[in-house]
Amino acid sequence: MNGSSANPRAALSSAMTDPFGRTISYLRVSVTDRCDLRCFYCMSEDMTFLPKADLLTLEELDRLCSAFIAKGVKKLRLTGGEPLVRRNVMTLVRSLSRHLSSGALSELTLTTNGTQLAKYARELADCGVRRINVSLDTLDPKKFREITRWGEIDKVLEGIEAARAAGLAVKINAVALKNLNEDELPSLMRWAHGKNMGLTLIEVMPMGEIGAGRIDQYLPLSLVRARLAQQFTLMDLAESTGGPARYVSVAETGGKLGFITPMTHNFCESCNRVRITCTGTLHTCLGHEDASDLRKPLRASDDDMLLADAIDRAIGLKPKGHDFIIDRRHNRPSVSRHMSVTGG
């Protein structure tokens, strides 16, 4: 649906379709730009975070999410930064779970670095969360500290076990990093599959200034897959989630392996998602500088008609594809905002 609705009331519950016929059914919401780690491909060591006064309240985030659910969103993922470091975030999770109970929402989930999972896993499960993604690039404690700048891997592994004990299905997300974890990816896959967890490998994305050259970090997953195919039997799976990952089954482990390849394969043709930052900015594409302010219409009225109309206008601006490219000449990111702000 593009432009303003002729019937504002109808806009409250109208489905969201972009200019290229893609229906938007998946919302990713960054509840904070803060994180208790500083992964070097994601953040600079001396990050300047958003003033807390600029953030939407948890009640405003709930209202914003609910407006998208009314317009057809079926899957909602909370991200960050690290979502579980947001003060009182579980009140938001518990409140949003009402949409699971009503059937309006099919899935409520989150992506986390795992450091807070030991504390929150059981409560997440009690709120109706069934699956989570955990970002983990290595099982080597020394490498983990190097990547995160100060993290302790035992805390993450404890959190993963707490999540599994609570009945949550866990999928591991790992960024492939040249000369750092590339030799470890086969063993990381065996470990994940051995615990009945999926693994998705991700190429470095050129987002935000991080004080390092991404060309030094970038490892094409086409190369990773070719190497894995020398050791394992990889069978392409036909399943599609409307997202960027392409999946294979691994005969030797019985598990599933995903590849997210923004740099080597455009994954935009079936994109079904949009992203909201913790300040209420809507980004219809991860790899595009587009931005629509939803905080202003959210706060302008207690009636959601202005908000619904603003959402429709923003969806009408969703681009056909992303602008990701590594600027080898000037060493500049394709997108100026950091992943921690966008909520990858």
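Backbone N, Cα and C define each Cβ position, glycine as well.
Quantities reported herein were computed from a predicted structural model and do not represent experimental measurements.
Swiss-Prot annotations:
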type    : residues                                             : note
BINDING : ARG28, ARG77, THR111, LYS171, ARG273, VAL274, ARG275 : GTP binding site
BINDING : CYS35, CYS39, CYS42                                  : [4Fe-4S] cluster 1 binding site
BINDING : TYR41, GLY81, SER135, MET205                         : S-adenosyl-L-methionine binding site
BINDING : CYS268, CYS271, CYS285                               : [4Fe-4S] cluster 2 binding site
DOMAIN  : 19-244                                               : domain 'Radical SAM core'
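CYS42 ([4Fe-4S] cluster 1 binding site) counts 24 other C-beta atoms within 10 Å of its own C-beta, drawing on all protein chains shown.
In terms of Cα spacing, the binding-site residues CYS35, CYS39, SER135, CYS285 that come within 10 Å of THR111 (GTP binding site) are SER135.
Comparing CA positions across the binding-site residues ARG28, GLY81, VAL274, the one lying closest to CYS285 ([4Fe-4S] cluster 2 binding site) turns out to be VAL274. Across the residues the record lists as binding S-adenosyl-L-methionine (TYR41, GLY81, SER135, MET205), the two Cα atoms farthest apart are 16 Å from each other. In sequence order, the binding-site residues near ARG273 (GTP binding site) (Cα within 10 Å of its Cα) amount to none of CYS35, CYS39, CYS42, MET205. Rounded to a whole number, the C-alpha distance linking TYR41 (S-adenosyl-L-methionine binding site) with CYS35 ([4Fe-4S] cluster 1 binding site) is 14 angstrom. Looking only at the domain 'Radical SAM core' (19-244), the predicted model's pLDDT averages out at 94.
The distance from the Cα of ARG77 (GTP binding site) to the Cα of MET205 (S-adenosyl-L-methionine binding site) comes to 20 Å.
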